[in-house]
Amino acid sequence: MATERTLSIIKPDATRRNLTGKINAVFEDAGLRIVAQKRVQLTEAVAGAFYAVHKDRPFYGDLVSFMISGPVVVQVLEGENAVLKHRDVMGATDPKKAAPGTVRAEFAESIEANSVHGSDSLENANNEIAFFFAQTEILP
Ligand code: IDP
C-alpha cells in the first residue's frame, strides 16, 4: 500500500454545528493525518468551479448555495491508502445508506447536507488538493 493524500472538506452543516473536532477525530482514529487545514468562506464562483463536474445534475444549483451557506474547513489528509480509507470513514452519500459509525451516518443531516466531501480517486485528489492548497501549505 502506498502513502497517499486526499482532499477533504468539512461542509457548512457540520461547521455550523461545531463538529469539526469530532469529525477530525474520526479521521485521525482511522490513521489519517491532517497535513493541511484551513477554514474558509467559499464564494459562488469557487464552489461552482469546484463542483463543475456536477454542473448538469439537477442538484447543482442547490449544492453550490449550500456550500456557500457558511464556512467550510478544507484539509489535506495523508496516510496509507488515504483516498479509499477516507471514503470508507465518510460513508455513503445518502446518510440513510451510510454504514453505522461513519461520519455521514453519525452527523449528516441529508443527502445534500452530508457533512463531508472526499476525493473519489487519486487523480481527483491531486487536482482538488492543488485547487485549494499551495505545496508550501502542506506540512507532513
Ligand atoms: P460524494 O460526495 O459522496 O462523492 P457525489 O455524487 O459526488 O457524492 O455528489 C457530490 C455532493 O452533491 C454530495 O456529497 C451531496 O452534497 C450532493 N448530492 C449528491 N446527490 C444529491 C442529490 O440527489 N440531491 C441533493 N444533493 C446531492
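Numbering starts at 1 and runs along the chain as displayed.
In case you wondered, yes, glycine gets a Cβ from its N, Cα and C as well.
Annotated active site, pros-phosphohistidine intermediate per TrEMBL: His117, in sequence order. His117 (active site, pros-phosphohistidine intermediate) falls within a strand segment according to DSSP.
The ATP binding site feature in TrEMBL is assigned to Lys11, Phe59, Arg87, Thr93, Arg104, Asn114. Applying an 8 A CB threshold to same-chain residues 6+ apart, the list for Phe59 (ATP binding site) reads Glu112. Reduced to three states, the DSSP call for Phe59 (ATP binding site) is coil.
Per DSSP, the secondary structure of the domain 'Nucleoside diphosphate kinase-like' (3-140) breaks down as 64 helix, 28 strand, 46 coil. Taken from TrEMBL, the feature domain 'Nucleoside diphosphate kinase-like' covers 3-140.
On its own chain, Arg104 (ATP binding site) has Met90, Gly91, Ala92, Thr93, Pro95, Ala98, Asn114, Ser115, Val116 as residues at least 6 apart in sequence with a Cβ closer than 8 Å to its own Cβ. Note: the CA-CA distance between Arg87 (ATP binding site) and His117 (active site, pros-phosphohistidine intermediate) rounds to 9 Å. Among the binding-site residues listed (Lys11, Arg87, Arg104), none has a CB atom closer than 6 Å to any atom of ligand 1. Once Cβ contacts within 10 Å are tallied over all protein chains shown, the recorded positions Lys11, Arg87, His117 are led by Lys11. Cα of Lys11 (ATP binding site) to Cα of His117 (active site, pros-phosphohistidine intermediate): a distance of 7 Å.
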